[in-house]
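Noted in TrEMBL for the protein shown:
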- 829-983: domain 'EML-like second beta-propeller' (DOMAIN)
- 271-312: repeat 'WD' (REPEAT)
- 355-396: repeat 'WD' (REPEAT)
- 397-438: repeat 'WD' (REPEAT)
- 439-480: repeat 'WD' (REPEAT)
- 481-522: repeat 'WD' (REPEAT)
- 523-564: repeat 'WD' (REPEAT)
- 607-648: repeat 'WD' (REPEAT)
- 733-774: repeat 'WD' (REPEAT)
- 817-858: repeat 'WD' (REPEAT)
- 901-942: repeat 'WD' (REPEAT)
- 943-984: repeat 'WD' (REPEAT)
- 985-1026: repeat 'WD' (REPEAT)
């Protein structure tokens, strides 16, 4: 109700921008969203340019209604009159809304502007839960590709969708026109943006990984990645904004000073005169004078307008490291390696005073805002405060344990910040001289600190190459700005506080947007590897423990760091929330366990007892007991309230890496470097069971919610599932990295799947011929693909050791099944489609739950690689053939081996059940085929005739004929009942890798390493057709269920479709840029990062600020120009995009 009231209240404010917009959009909340797609399709097809004009014409309306009734039959209600009435009603609503929006601010103003921020939030709050309105916004975005009068409306819609974090990944956004808006942080992973037109759009922090960007026209593009000012030939040691914020001065080790236009990033002037590197630059308050100091021992004053030298101030006897104007501009202070500070009269250039006291180099000087106090930081590790009028030292601030490189007053003059080579920043109370806070986070010396104009934020630059922003009130790190590739020597805020400038040892200056953090910010906090993370019970907070000795609490929704918990003196290995979420436990290499108050961030208790590293901590379900596992080989139970040790559990012979309570709190599981898992009775402290199986140390254990299953993760790269009651291993899940050798039709024959060594699978529409002709993507041969019985899921097995499940309709990867440690040679669905079997070179067979993607069982027994797996027709038995010369039959339900069929004297390459499930055929390198009785396990017949190893066997659909392909180049047809050879089919000039019957049994297809596919007339034994085209071995193929189309997969990494009747290759009819992409097949495989990036791109980057990404994006021709006229293709290439015209040029060469 509160949300509705807020909405109504907002709608009443007719003078505001967004509430009225929300009121208009609210009218489409009940429109059938599927109509949007139908309208777009008709508009595109008939090429209408004005949507409103078309929809308003009555003649067009009748024509449109008729087409919609035909096209939208799948979502109408069945009653034609009612359907027509509903369509007319919805069409009128859509037309009315489009008319209102056309003349509304939504189509005339930039919703991303700052002045509209508050109203935009009201709009988003009003529509965020209405899927129809969100769909309508997407419709408006697509409409920009058709209707030029709705471009700003669609642009604001896309901005709103980005702000609402609507999932825009994998969408076709071809030809959209977007202008005058911000898409900061938008995730367009794998989107097709080809033909799009962008004008005056901010794409900072956008994720374009894997996107298609063909023939785009992007002009006047904003992107903070380019806020990098290059020109200096050596280190940039100092930067300073003019007081109007329009000019930035920089001083460098190349002996020059440069003035830059902040808006354009262009160099305005280069000031030469110093004979050594420049240490510091500073504008006078009126902006007319620039002071610089140098290792040539001099200070120089420059006229900013004329760029001429105004004066040269001599007096220091060693290099000058820092200069600073007093607030009134009349006095200049300087600090030097001669250990002195000097005050200069700016008008006369004469020295007014010399302040002595430091006994080492003075690195930094800074006036207080009132000009009465001067602060100085020195290599003598001290900070000193000086009375400017008297020239006397007022205070000495001690605390830093190393050189003080930078000092800076807050705008109100009450706080002084200092940065030191002890890697810390300290905040000091100017009046008392006491330290107020210490800011830790940098992993190397802090060179520069600077307050924002409002005094709420402190920026620091460090030798760890990063800039960090700190909240002055809380002392917490707000952001970490990464981008510089070397030391950051200087940081400076612009007068309005919105921009931060930084100068670095990487010779560059960078400008950062303080609010958005662009360039901007991979905002980390930890300075070393993160070893443990844990969500709070409500899911809103994430805790992390790190090698940097700290624990950090993060807001899960925003990604912002909420708190940093310091106390441990060494690596934090484990963190765990109490069940109520109020307490966090941590275990550390400092041998201690600490309990923290989550709300305050304060340490509540320190539990000592372990004599070595504590690797794991876990609360009991009731929160009263804490368990800990340690490198001292013991587990300890602690009373959370008292902090006292309750029990010590001994038994493991090496360090304990993980402990976990069962859901009822009665059992504790522990995993150890001794390769065992142990179950303990929490009440008695006695060991209940020891679970063996892992071949290396166990790193993690976890109970299932029902407490019946325990999962364990090990250094042997496997995950195992254990039955808690019996202690038996239920399943093993591993991980891997390498080839796919098969193509397969869906059961309805409409879709072809292909798998390839480029680690991708592609799905092809057989009817339309989309991406059918030569399917590239894989970088090696395809081993096996298999459709689920319902045709909705495709499984693929690869030399990358993975199995992947794909949604056939969307083409999206549903799951990646890891577990095998070597290439997968065969995959096969059970008849009900619920289980997938896989056979691998790692000698194992694995059964996977298709719905969950979890490994159900690991069938061990074979002593060499498994080449083929096949389910029986009833799904109860799995057959496998191996290089160990044996065939094994497995009970699918229990995972137990039912039989071992011996007889072959060499490796088995192929196994196949007869249609009735009673007979199993096997082909071997011993030149023989054997037929086995499935029930008895006895072999029924041995079919001899081949003069070389048999690579493939296949039953005809009626089960009466068996086909076999051989290394001897021949194919043989066998009578299953008599075991006699019926025919010998000759023609191939090399190995026959695959044979397959057509559904009617009249045609046999064969694929060979002679690079050809041949079709044979089964009755006549004659060759019907020879299909050439592949440039390497044909490893696998499949006939569509109707027998009209053949798909082939080859070691040339391609898949081809063939018309069985004509013998001709079916060519692609996809005109949507596939003709362009076809030119780049070889580069995509060998020379371009796209093939790898398209599979390993980041689809969602979890960081505190958005980072511009374009890994694996495809760019062809088009324009990508920023506001300064810079071609952005160079930036895209640096980000990992593939510039296709460059690849084509290389190809032609």
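Note that Cβ sites are derived from N, Cα and C of the backbone, with glycine treated the same way.
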Secondary structure composition of the repeat 'WD' (901-942) [DSSP: H/G/I, E/B, coil]: 0 helix, 22 strand, 20 coil
Secondary structure content, the repeat 'WD' (271-312) (per DSSP, counts of residues): 0 helix, 22 strand, 20 coil
Contacting positions for the repeat 'WD' (271-312) when only residues 6+ beyond its ends and CB under 8 Å are counted: 234-235, 237-244, 247, 249-259, 318-325, 327-329, 332, 334, 336, 344, 346, 349
Within the repeat 'WD' (817-858), residues counted as helix, strand or coil by DSSP: 0 helix, 22 strand, 20 coil
Confidence summary (mean pLDDT) of the repeat 'WD' (733-774): 38
The repeat 'WD' (985-1026), counted residue by residue under DSSP: helix, strand, coil: 0 helix, 23 strand, 19 coil
Helix-strand-coil residue split for the repeat 'WD' (607-648), DSSP-based: 0 helix, 22 strand, 20 coil
